[in-house]
């Protein structure tokens, strides 16, 4: 193994990132070193690249970016048990304390002292990465790296879609970005019908149809609530899944969901949102779930089994694959323009 590696690094505050050569890190106690086989770009990585207000408050350059990964364990630090060199793995990004009130109740996904791998630590946009052993997930060999790297965001989609009954339910999904597209795949694999998708981008509406959406709506040109009511014989959808983070989409979805329906919210909003709580939530007796992270480790088992079932239609979602990191700037600019689904760097 070489002593040097290439990595995409946020070297300083400001727009962009740099491809640099750095030392291969060494795993410390309770850590493992993985060789990266595939890694994918998340919206969080784009925020760091663009250096938005959140990134400015959270990221401390110089730092290697990236957190979605499939890799192979190549070295084990002191005190690590249950993991071996050669294991094919992915990484849960929430580094939890195990001691706070939430953790002691088994609610690790809302740990009060969470650190995020690849946000608060160096990440996986590199040939090698050091990972806390407690965050390692072992993959079946049958799952290819370009799918295995998607398990972390797939976990977000699974928790959103499967927060309540979904088989045989009518569903409205607002937002067909990468997470929304994964939500479509999970909903279809889980027996939802019809799956209706509201998305303003022509490119993403086409992707939504390829993934399996039964109906697509352009919210800039069509009345979303009217279209949903027409499709559902005036009843509204059983389940509303909000992936966009757009306040208008939230309002439309709450109007379009049937009384006593279920709502799952994953999209993050730009600020405070004004909602008619009385008429859109209370009098409709809606059940609402806020979604963050993934349930450790229940969601990972669900994601892995869905992948092994072969029922998830992920190929249309992976719109761009790059061999190595050389074209990382092109990849990020395409994502900024909304011209991608998931972008994967292949290092195998």
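Glycine is treated like the rest: Cβ placed from N, Cα and C.
Here's what Swiss-Prot has on this protein:
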BINDING   42, 67, 68  Zn(2+) 1 binding site
ACT_SITE  44  active site, charge relay system
ACT_SITE  47  active site, charge relay system
BINDING   97, 100, 103, 111  Zn(2+) 2 binding site
BINDING   179, 199, 204, 266, 267, 268, 291, 292  NAD(+) binding site
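Projection of Swiss-Prot feature records onto the structure.
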residue	record	Cβ contacts under 8 Å, 6 or more apart
42	Zn(2+) 1 binding site	66, 67, 68, 152, 153, 178
47	active site, charge relay system	54, 55
100	Zn(2+) 2 binding site	111, 112, 113
103	Zn(2+) 2 binding site	96, 97, 111, 112
179	NAD(+) binding site	43, 153, 156, 157, 160, 243, 266
199	NAD(+) binding site	174, 175, 176, 180, 205, 208, 216, 217, 218, 219, 244
204	NAD(+) binding site	176, 177, 180, 181, 338, 341
268	NAD(+) binding site	245
291	NAD(+) binding site	156, 159, 160, 163, 264, 265, 266
Seminar exercise, completed: Row residue 68 (Zn(2+) 1 binding site), column other C-beta within 10 angstroms, all chains, value 28
Exercise. In the same chain, outside 42, 67, 68, whose C-beta lies within 8 angstroms of the Cβ mean position for the Zn(2+) 1 site?
Worked result: 39, 40, 41, 44, 45, 66, 69, 93, 118, 123, 124, 152, 153
Exercise. Any idea what DSSP makes of residue 100 (Zn(2+) 2 binding site), helix, strand or coil?
Worked result: coil
For this session: Between residue 292 (NAD(+) binding site) and residue 44 (active site, charge relay system), find the distance joining the two CA atoms and give it rounded to the nearest Å.
Result: 14
Exercise. Who sits close to residue 44 (active site, charge relay system): which same-chain residues at least 6 apart have their Cβ under 8 Å from its Cβ?
Worked result: 67, 118, 119
Exercise. If you draw a 10 Å sphere around the Cβ of residue 67 (Zn(2+) 1 binding site), how many other Cβ atoms fall inside it, taking every protein chain shown into account?
Worked result: 24
Exercise. Name the residues of the same chain, 6+ apart in sequence, whose Cβ is under 8 Å from the Cβ of residue 267 (NAD(+) binding site)?
Worked result: 174, 175, 242, 243, 244, 245, 246, 249, 250
For this session: Check the binding-site residues 97, 111, 266 for other C-beta atoms within 10 angstroms of each C-beta and report the one with the most.
Result: 266
For this session: Around the recorded Zn(2+) 2 site, report the further residues of that chain (criterion: Cβ within 8 Å of the mean position of the Cβ atoms of 97, 100, 103, 111; site residues excluded), sequence-ordered.
Result: 96, 98, 99, 101, 102, 104, 108, 112, 113, 114
Exercise. In terms of DSSP three-state secondary structure, what is the assignment for residue 267 (NAD(+) binding site)?
Worked result: coil
